[in-house]
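Enquirer: Pasting the feature list from TrEMBL:
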BINDING   Gly10, Gly12, Lys13, Thr14, Thr15, Arg107  ATP binding site
REGION    30-53  region 'NMPbind'
REGION    106-116  region 'LID'
Amino acid sequence: MKILVAGTPGVGKTTFSSRISEMFGIPHIEMSRYIEENNLYEEYSETYKSLLFDDRVVRKSLEMYVIGKDSYIVDTHSCGMVKGMSFDLIFLLTAPVEVLYKRLKKRGYDEDKIKENIECEIFGVVEEEVEEFFGAGYYPVGEEEGKLTPEEAIDVIGKKMNGTSATAAP
(Lines of atoms letter the chains of each structure in order from A; the text may use other names.)
(Lines give C-alpha, C1' and ligand atoms only; values in the text may rest on other atoms or scores of the structure.)
Protein backbone atom coordinates (compact mmCIF):
# COMPACT_ATOMS: atom_id res chain seq x y z
CA MET A 1 0.00 0.00 0.00
CA LYS A 2 1.54 3.29 -1.12
CA ILE A 3 0.08 6.24 0.76
CA LEU A 4 0.65 9.97 0.40
CA VAL A 5 -0.19 12.22 3.36
CA ALA A 6 0.00 15.89 2.37
CA GLY A 7 -0.74 19.15 4.14
CA THR A 8 0.61 22.43 5.44
CA PRO A 9 3.21 22.18 8.23
CA GLY A 10 1.45 21.73 11.56
CA VAL A 11 -1.76 20.04 10.37
CA GLY A 12 -0.79 16.66 11.85
CA LYS A 13 0.76 14.79 8.91
CA THR A 14 3.54 13.17 10.90
CA THR A 15 1.29 12.21 13.81
CA PHE A 16 -1.28 10.72 11.42
CA SER A 17 1.38 8.97 9.31
CA SER A 18 3.09 7.53 12.40
CA ARG A 19 -0.24 6.19 13.61
CA ILE A 20 -0.93 4.51 10.25
CA SER A 21 2.61 3.12 10.22
CA GLU A 22 2.21 1.57 13.67
CA MET A 23 -1.29 0.19 13.02
CA PHE A 24 -0.59 -1.36 9.63
CA GLY A 25 3.18 -1.94 9.73
CA ILE A 26 3.81 0.34 6.76
CA PRO A 27 7.17 2.18 6.67
CA HIS A 28 6.83 5.95 7.12
CA ILE A 29 8.99 8.42 5.19
CA GLU A 30 8.83 11.87 6.74
CA MET A 31 10.15 13.99 3.86
CA SER A 32 11.61 16.82 5.95
CA ARG A 33 13.68 14.31 7.89
CA TYR A 34 14.51 12.34 4.71
CA ILE A 35 15.87 15.48 3.03
CA GLU A 36 17.99 16.40 6.03
CA GLU A 37 19.31 12.88 6.74
CA ASN A 38 20.28 12.36 3.09
CA ASN A 39 21.80 15.84 2.66
CA LEU A 40 19.43 16.64 -0.21
CA TYR A 41 19.18 20.32 0.63
CA GLU A 42 21.20 23.12 -0.93
CA GLU A 43 21.29 25.39 2.09
CA TYR A 44 19.47 26.53 5.19
CA SER A 45 17.53 29.74 4.66
CA GLU A 46 17.58 32.09 7.64
CA THR A 47 14.87 34.12 5.91
CA TYR A 48 12.46 31.17 5.60
CA LYS A 49 13.83 29.24 8.59
CA SER A 50 13.90 26.06 6.54
CA LEU A 51 16.02 23.90 4.28
CA LEU A 52 16.08 24.88 0.61
CA PHE A 53 16.04 21.98 -1.83
CA ASP A 54 15.41 21.13 -5.47
CA ASP A 55 12.22 19.04 -5.83
CA ARG A 56 13.76 17.12 -8.74
CA VAL A 57 16.82 16.07 -6.73
CA VAL A 58 14.65 14.94 -3.82
CA ARG A 59 12.21 13.13 -6.13
CA LYS A 60 15.00 11.24 -7.89
CA SER A 61 16.47 10.15 -4.54
CA LEU A 62 13.07 9.12 -3.19
CA GLU A 63 12.21 7.18 -6.35
CA MET A 64 15.47 5.23 -5.99
CA TYR A 65 14.80 4.65 -2.29
CA VAL A 66 11.32 3.16 -2.83
CA ILE A 67 12.23 0.91 -5.77
CA GLY A 68 11.04 -2.58 -4.94
CA LYS A 69 9.03 -1.46 -1.91
CA ASP A 70 5.37 -2.49 -2.00
CA SER A 71 4.29 -0.31 0.90
CA TYR A 72 5.25 3.06 2.31
CA ILE A 73 3.76 6.27 3.61
CA VAL A 74 5.16 9.56 2.32
CA ASP A 75 4.42 12.56 4.54
CA THR A 76 5.08 15.94 2.90
CA HIS A 77 4.01 19.56 2.57
CA SER A 78 5.60 19.88 -0.88
CA CYS A 79 3.93 17.69 -3.48
CA GLY A 80 6.42 18.71 -6.16
CA MET A 81 8.89 16.23 -4.73
CA VAL A 82 6.47 13.31 -5.25
CA LYS A 83 5.01 14.51 -8.56
CA GLY A 84 4.71 11.63 -11.01
CA MET A 85 4.88 8.94 -8.32
CA SER A 86 1.98 6.54 -7.96
CA PHE A 87 -0.02 6.19 -4.73
CA ASP A 88 -2.87 3.86 -3.80
CA LEU A 89 -4.34 6.38 -1.37
CA ILE A 90 -3.85 10.12 -0.96
CA PHE A 91 -4.92 12.03 2.14
CA LEU A 92 -4.93 15.82 2.37
CA LEU A 93 -4.88 16.95 6.00
CA THR A 94 -6.13 20.35 7.10
CA ALA A 95 -6.51 22.09 10.44
CA PRO A 96 -8.37 25.15 11.70
CA VAL A 97 -6.20 28.27 11.69
CA GLU A 98 -6.36 28.62 15.49
CA VAL A 99 -5.10 25.04 15.95
CA LEU A 100 -2.40 25.54 13.35
CA TYR A 101 -1.24 28.75 15.03
CA LYS A 102 -0.90 27.04 18.42
CA ARG A 103 0.98 24.07 16.98
CA LEU A 104 3.44 26.22 15.03
CA LYS A 105 3.98 28.53 18.01
CA LYS A 106 4.71 25.47 20.17
CA ARG A 107 7.32 24.36 17.59
CA GLY A 108 9.08 27.68 18.07
CA TYR A 109 8.26 29.14 14.66
CA ASP A 110 8.60 32.92 14.50
CA GLU A 111 5.56 35.08 13.63
CA ASP A 112 6.57 35.49 9.96
CA LYS A 113 6.92 31.71 9.49
CA ILE A 114 3.61 31.12 11.26
CA LYS A 115 1.89 33.72 9.07
CA GLU A 116 3.35 32.15 5.92
CA ASN A 117 2.09 28.68 6.85
CA ILE A 118 -1.34 29.92 7.91
CA GLU A 119 -1.68 31.76 4.59
CA CYS A 120 -0.78 28.53 2.77
CA GLU A 121 -3.55 26.76 4.68
CA ILE A 122 -6.12 29.51 4.10
CA PHE A 123 -5.38 29.73 0.37
CA GLY A 124 -5.24 25.94 -0.09
CA VAL A 125 -1.73 25.88 -1.54
CA VAL A 126 -1.09 22.20 -0.75
CA GLU A 127 -4.59 21.24 -1.91
CA GLU A 128 -3.91 22.93 -5.26
CA GLU A 129 -0.67 20.95 -5.61
CA VAL A 130 -2.41 17.67 -4.76
CA GLU A 131 -5.09 18.36 -7.37
CA GLU A 132 -2.55 19.52 -9.97
CA PHE A 133 -0.27 16.50 -9.59
CA PHE A 134 -2.75 13.74 -8.66
CA GLY A 135 -6.24 14.88 -9.67
CA ALA A 136 -9.30 14.95 -7.47
CA GLY A 137 -9.06 11.37 -6.16
CA TYR A 138 -7.87 12.21 -2.67
CA TYR A 139 -9.45 12.05 0.77
CA PRO A 140 -9.73 15.32 2.69
CA VAL A 141 -9.09 14.80 6.42
CA GLY A 142 -9.81 17.44 9.03
CA GLU A 143 -12.23 18.87 11.55
CA GLU A 144 -14.35 20.73 9.02
CA GLU A 145 -17.71 19.39 7.88
CA GLY A 146 -17.52 17.12 4.85
CA LYS A 147 -14.03 15.87 5.67
CA LEU A 148 -13.03 12.52 7.09
CA THR A 149 -11.88 12.28 10.67
CA PRO A 150 -8.49 10.59 11.17
CA GLU A 151 -10.37 7.49 12.41
CA GLU A 152 -12.50 7.38 9.25
CA ALA A 153 -9.35 7.75 7.13
CA ILE A 154 -7.76 4.83 8.98
CA ASP A 155 -10.91 2.82 8.25
CA VAL A 156 -10.48 3.61 4.54
CA ILE A 157 -6.92 2.24 4.70
CA GLY A 158 -8.05 -0.91 6.51
CA LYS A 159 -10.78 -1.59 3.97
CA LYS A 160 -8.42 -1.00 1.05
CA MET A 161 -5.80 -3.31 2.56
CA ASN A 162 -8.41 -6.03 3.18
CA GLY A 163 -9.65 -5.72 -0.39
CA THR A 164 -13.08 -4.51 0.64
CA SER A 165 -14.61 -1.46 -0.93
CA ALA A 166 -13.64 1.81 0.71
CA THR A 167 -15.76 4.91 0.41
CA ALA A 168 -14.88 6.62 -2.86
CA ALA A 169 -12.77 9.73 -2.60
CA PRO A 170 -14.85 12.86 -3.13
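Cβ atoms are placed via backbone N, Cα and C, with glycine included.
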Enquirer: Using CB atoms and a 10 A radius, I'd like the single residue among the binding-site residues Gly10, Gly12 with the highest neighbour count.
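Expert: Answer returned by the neighbour count: Gly10.
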Enquirer: Applying a 10 Å Cβ distance cut-off over all chains shown, what neighbour count does Arg107 (ATP binding site) have?
Expert: 11
Enquirer: For the ATP site (Gly10, Gly12, Lys13, Thr14, Thr15, Arg107), what does the 8 A shell look like? I mean other same-chain residues with CB within 8 A of the CB centroid.
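Expert: Output for this site, in sequence order: Gly7, Pro9, Val11, Phe16, Arg103.
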Enquirer: Could you give me the DSSP helix, strand and coil counts for the region 'NMPbind' (30-53)?
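Expert: Counting residues by DSSP class gives 7 helix, 10 strand, 7 coil.
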Enquirer: CB neighbours of Thr14 (ATP binding site) within 10 A?
Expert: 18
Enquirer: Give the sequence-ordered list of residues that share a chain with Lys13 (ATP binding site), lie 6 or more positions from it, and have CB atoms under 8 Å from its CB.
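Expert: When sequence neighbours closer than 6 are ignored, Lys13 (ATP binding site) has Val5, Ala6, Gly7, Asp75, Thr76, His77, Leu93 within Cβ distance under 8 Å.
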Enquirer: By DSSP, how many residues in the region 'LID' (106-116) are helix, how many strand, and how many coil?
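Expert: Counting residues by DSSP class gives 7 helix, 0 strand, 4 coil.
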Enquirer: Does DSSP put Gly10 (ATP binding site) in a helix, in a strand, or in coil?
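Expert: Coil, per DSSP.
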Enquirer: When you measure from the Cβ of Thr15 (ATP binding site), how many other Cβ atoms are you left with inside 10 Å?
Expert: 14
